[in-house]
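Got a structure for you, written out below as structure tokens; questions coming shortly.
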Amino acid sequence: MKTLSEIKEILRKHKKELKEKYKVKSIAIFGSYARNEQTETSDIDILIDYYEPISLLKLIELENYLSDLLEIKVDLITKNSIHNPYVKKSIEEDLIYI
């Protein structure tokens, strides 16, 4: 199981590629990994914001790319997709930006 520090380092190393290929403006970890409550079966929750909208197919491609890169199942959401204010507040409390 990777640590939060290892995950952050991997994402930092690929930040330029994420920006160029997927138009990622910012990337943040939230959920169990951000709260240091992850288990062997935990996935990693990642929030992205982008410079320009990307298609659903590109978003799925990015989610798969990150899962392969981190060797952990990634649940990816975009900043613009959070409409429920309670969910948004809960996520924002955990965010660790890379």
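Yeah, the Cβs are placed from backbone N, Cα and C, and that goes for glycine too.
Found this in Swiss-Prot, in case it helps:
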{"type": "BINDING", "residues": "ASP43, ASP45", "note": "Mg(2+) 2 binding site"}
{"type": "BINDING", "residues": "ASP43, ASP45, ASP75", "note": "Mg(2+) 1 binding site"}
{"type": "MOTIF", "residues": "31-45", "note": "motif 'GSX(10)DXD motif'"}
Counting Cβ atoms within 10 Å across all protein chains shown, which of the binding-site residues ASP43, ASP45, ASP75 comes out on top?
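Selected residue: ASP45.
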Under a three-state reading of DSSP, tell me whether ASP43 (Mg(2+) 2 binding site) is helix, strand or coil.
coil
Can you work out the mean pLDDT of the predicted model over the motif 'GSX(10)DXD motif' (31-45)?
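That region's mean pLDDT is 95.
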Residues other than ASP43, ASP45, ASP75 within 8 Å, Cβ to Cβ centroid, of the Mg(2+) 1 site?
GLY31, SER42, ILE44, ILE46, LYS73, VAL74, LEU76
Would you mind reading off the Cα separation of ASP45 (Mg(2+) 2 binding site) from ASP75 (Mg(2+) 1 binding site), to the nearest angstrom?
5
